[in-house]
């Protein structure tokens, strides 16, 4: 078999071995597999979550979907919101340059799709937007649901076991991709998962992929190199890679500066953005999720720009905001700097980056701000109130780690998906949730970073 074919088959084989260990032979193979593959970490018990907070998070998600979509179509707003950031942050500036070129040429894409996740720090009303790349371990969640129900039953808590909700984000995410593929209008076209060279959470991606195969939708996997070397546009701006027409590009890569290893990577991103293929997300939606845009949205009157006749939607969204403060040059930004230096323990300093491990806390805030407080470099950051939720005691189960009880903090992620055709919103859904829990000794970091573990909400 060709190397590419082998790389596609191997994860499927591992999935079968993990889920269906039918024989002693497979058990032996699993022993070998565990030398290079570890299970996703998880909590021993589900974490209590107030039903009101959980319901609020799910109820507001479709409004967030609509908000991101409207921002992505408002070029003037993006220009105003990101003006100070693109002047000092090279990565955001490169993305914005692509955005401007697409606007200048005219959008070839008549369809828009976005998979998104809002993150709630539990027991408080803070929501943080992250891109679709971050829906970690959607299938592993199904397995932890079964595990938590079983553990509660074993502990004699039958009624509580029935409060562990069903949850399958993979199906909902795939449903939106499938709708975008259908509306594209070519049965021969493929869905392309745009991925990194090395995938740590490939099984997560595969379950979304398998949902698409169930619908007889052909899925391929592409990297920057594939698009640069084998990608082209025809006269109608249809995207072809390795001779296959691409209907949907689902970005699981391209959200961090180190993903772009050369100018060829940027050329590949531009080629995809110029095409008719549905980008999930497209460059405008990508920019709509930046930290600076989040901070601008928290200003009085800004949400009303996007929901002029929907005060209830504005109220629901605004109720989820924590304090967000500008570091732009001027009196307001100077006040933010002084406030942060006086009480750094009250805040989080955030750069324009996705994923865990980028935020700055405590004394490090002072170190950074002292260096940049008189420079425009400070506008590459925003400041946010630090949330102080109440810790919950639980056991964090990791391969090779001793079993001990820890003080834990949890984040609730809510998945949203929408597809728009022209001006019409075809589908707009909340498609699932993800609870991640970590020891309270850690300030930042997710499951992939080795800090957080998978969890399930136990509603009360």
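Every residue gets a Cβ built from N, Cα and C, even glycine.
Per TrEMBL, the range carrying the annotation transmembrane segment out of 12-34, 35-57 is 12-34. Sparsest Cβ environment among the binding-site residues 205, 352, 358 (other Cβ atoms counted within 10 Å): 358.
The average pLDDT computed for the domain 'Glutathione synthase substrate-binding' (189-288) is 95. Residue 444 (ATP binding site) counts 15 other C-beta atoms within 10 Å of its own C-beta, drawing on all protein chains shown. A simple Cβ count within 10 Å picks out one of the binding-site residues 384, 387 as the most packed, and that one is 384. For the domain 'Glutathione synthase substrate-binding' (189-288), the DSSP counts in helix, strand and coil order read 41 helix, 26 strand, 33 coil.
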